[in-house]
Amino acid sequence: MHCALYDAGRCRSCQWIEQPPDTQLAAKMTDLRTLLAALPVGEWGAPVSGPELAFRNKAKMVVSGSVEKPLLGMLHRDGTPVDLTECPLYPASFYAVFAALKPFIARAGLTPYNVARKRGELKYLLLTQSTLDGGLMLRFVLRSKEKLEQLRAALPGLLAELPQLKVVTANIQPVHMAIMEGDEEIWLTQQQALAESFNGVPLWIRPQSFFQTNPTVASALYATARDWVRALPVNHMWDLFCGVGGFGLHCATPEMTLTGIEIAPEAIASARASAQALGLRNVHFQALDSTDFATGQQAVPDLVLVNPPRRGIGKALCEYLSHMAPRYIVYSSCNAQTMAKDIGEWPGYRIARVQLFDMFPHTAHYEVLTLLVRE
């Protein structure tokens, strides 16, 4: 993939960009096999990859520069701003949005936040696109509510210029730290969630809920989990760290009992809406800590699916799952190193299947799906 930003030395986020896609994929497979070398694997699935450019459905842009000439992109460690509006990882539809946002920032008087001076209002722009209909969600991350009414007043013009904008919010992040968002979300449009669909499963993207950034590969990941689970005798499953319910909703059947647990209330609201749209009556989503939920249960499900953050599922949940001993565990991970460590804590299980999903081209990162069966 060619990238003018990389060639000019302005961005090094895609550290593997000079390697051909096949070479990147082979290196990731080697890394995964090395991490699981001490754990016998029954079946290695063929790695899954997607487009090498224009695959991201989300842009997280630091806003810098001046109110008259804002820059949207990132800051180097020395504070030097870099405009990333022409990043080839974004879909072509984003370019028109970025072009419209720069003069809008000036019209609305949203002074970019200056980290060194601790002054200004607009910290980030967070843009997400649905592959279902091209609809967009735009979040303005502000230091305070000082410019909120100016933003409201100017917004109708932006919505008229960009009719694909379906959800717009202001997020208040008052802390002088590199934190992407604060706790308070203020909706500026009537619509509060972006409609999405993978493999015929309706999903909803809300402002403060995690959603995969590579829709093509994420769709394949969910479909694979569905195929694995539905081939097993599963009547009751848990989906821990469930997010908006992508895994559980793909796996669930009308007869199956599914319990989905996620700490973020916004994500649970999305999951419940999807379950209702699918007509699933034996599905229960709750906004709880996954470890606290699991360790407080007595009944043992047939299968537990976990999709934890990069740090893994943690010692307490590892020990509890080992003690509880469900017949099957499906582990989806964006950090194979912590996954391998967690699986090493389950001596009573064997790895039946493993498959790599190249969710993050041009980097060393990848997603991996593993099926474990109790011995």
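In case you wondered, yes, glycine gets a Cβ from its N, Cα and C as well.
According to Swiss-Prot, the residue from PHE198, PHE241, PHE357 that belongs to the S-adenosyl-L-methionine site alongside GLN212, GLU262, ASN307 is PHE241. Counting only the Cα atoms, the space from ASN307 (S-adenosyl-L-methionine binding site) to CYS14 ([4Fe-4S] cluster binding site) is about 25 angstrom.
The Cβ neighbour count for CYS334 (active site, nucleophile), using a 10 Å radius and every protein chain shown, is 18.
The recorded positions listed here (CYS3, CYS11, CYS14, CYS87, CYS334) include no residue with a Cα within 10 A of the Cα of PHE241 (S-adenosyl-L-methionine binding site). GLU262 (S-adenosyl-L-methionine binding site) and CYS334 (active site, nucleophile) have their C-alpha atoms 17 Å apart, to the nearest angstrom. Proximity of GLN212 (S-adenosyl-L-methionine binding site) to non-local residues of its own chain (separation of 6 or more, Cβ distance below 8 Å) is seen for ALA218, LEU221, GLY246, MET359, given in sequence order. Same-chain residues that are not part of CYS3, CYS11, CYS14, CYS87 yet have a Cβ within 8 Å of the Cβ center of the [4Fe-4S] cluster site turn out to be LEU5, TYR6, SER13, ILE17, LEU84, PRO88, LEU89, HIS362.
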